[in-house]
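Q: Before I ask anything, here is the structure I am working with.
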């Protein structure tokens, strides 16, 4: 028997206008998925001709029945069958494509659509041998869904439908006999009395009562009523996403998902609201939008009274109150209440960041993060607060800001009763009480309460400093550091001391400065009891007790406990004195030395004694002076036990003993 090339008609299912109108939304969606997948599989097998009209219509989201009679009979080279294509009549059974003797069908599934049966031949491993000495060909791992149906009359699907019309034939009285739709005939469910247009719908409905779910997933045990549902579900386990966007490379499990996504690139919004002329990418978005005009919000939460337009969002919201988190990450065990949150979370483990900013090269895990980031380059802040006019790059920032005006904080901590505007803020806060630090550094094992803090910490190991100052080129690990640094270039010092009039760039500098006037030293050493104005000074002091001197000078080998001391010491070798006095021209290696020197010219004496009112340029001079009032003499001679208020006095005294 001669080999014949398989045409597009061999793998298509046709409907007349009347038949198409009988299908419900789910069945039309199934038809669209199957047809598009058939066509894509044929293309992958070598077809390079023009695209059939029916495929074009399906891709555009239009109804295919108009072009059903125009389906091309064009032949597709590279794919062979053992039978020539035949015109199909309404009274003849549709036959299978039969393969050569060595053919093995690993798996066969049947998809039903209003009584029509789609034969789904999976992974056909066939070897075709031509009559004229052609080499063996193997077609493996190809998924081809054929319109042909097995002639095996014992197949259980024949109980629903034994024959199907060719699309060139209109629906007639024989349609009922074939399991098709006849709008005049109603089928009643004996269990609940529900009425259906056809046997197929009734059969599907009855599975609700019987609980029949014959298709089981071997991976997770989940069961489905139909094989095509199982097929789609299995892609979640395999990770298979056969539909790829040509623009950005993003892949999808279903073709309709790709179709919706592509509208983002084209900018097409074909679904328009007749009330306000607003356009949308999908019909679902339009349907949701219409409820704004109708005011229909049918799903109300009994816990908090919040209302929702869609039951899907309502069910997601309910999980906040119940605490149910059905979506668990297999990598780290973290659970989520929403499937989309799990999908986003999993990208953390893969490390994939497919969305790159063309301006600065920064990459992101999610497309909307990139969209938000782009606004920083464009300077756009589209989200404006109607109360105060403040604008934001990100909608979430605006939502957080609004809580300032409303003052509503519905989420309260059960331990300390502190209230928060957002549940996420409460979750983070609760870690203070529990001590939970879920984000651990793999390099050093240090753990953190916040992921953002871990990200900043990891840059210590990698050395990455992504934030660069455009003025001087200096780079920083943390965004807040560059924000502070930028104020150096502006020379703006908005924070002024009421006592002495000194101004500061940052509020915390002013806070520390005010302790000089108040004498407050909140940071105390547990070893020796010495107290400090600044936390940093205490940290440096603690190194004296530990004996740790991690900063070594490569020039002379001298070690230092403080980085600042080490930096200043290095200037001895380099001789660099970058800080010059504008009054007298004297230069200094440290900026602090220049500031102290400038007090000679200005006459500034910020350190005042509370006992007698005497003022000093240096804090150390005030400390020495206060010993006159207290009588404290901390410097004692080890030879004669005489004590002194100042170290310089002890130094001079020791010369009398020839100690120095």
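Indices start at 1 and increase along the chain as displayed.
Cβ coordinates are placed from backbone N, Cα and C, and glycine is handled just like the others.
Just so it is clear, the model here is predicted, and its values are computed rather than measured.
Annotation source Swiss-Prot lists SUMO2 cross-link at 109, citing similarity to another entry. If you look up Swiss-Prot, you'll see 6-77 marked as domain 'KRAB', on the strength of sequence analysis. Per Swiss-Prot, the feature zinc finger maps to 187-209, 215-237, 271-293, 327-349, 383-405, 411-433, 439-461, 467-489, 495-517, 523-545, 579-601, 607-629 (among others); the stated evidence is sequence analysis.
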Q: Taking every residue in the zinc finger (215-237), what is their average pLDDT?
A: 76
Q: Taking a Cβ cut-off under 8 Å, which residues six or more beyond the ends of the zinc finger (439-461) line up next to it in the same chain?
A: 428, 431-432, 477-478
Q: Take the zinc finger (383-405) and find every residue of the same chain, 6 or more past its ends, with a Cβ under 8 Å from one of its Cβ atoms.
A: 372, 375-376, 421-422
Q: Restricting to the same chain and to residues at least six past its boundaries, which positions have a Cβ under 8 Å from a Cβ of the zinc finger (579-601)?
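A: Sequence-distant neighbours of the zinc finger (579-601): 568, 571-572, 617-618.
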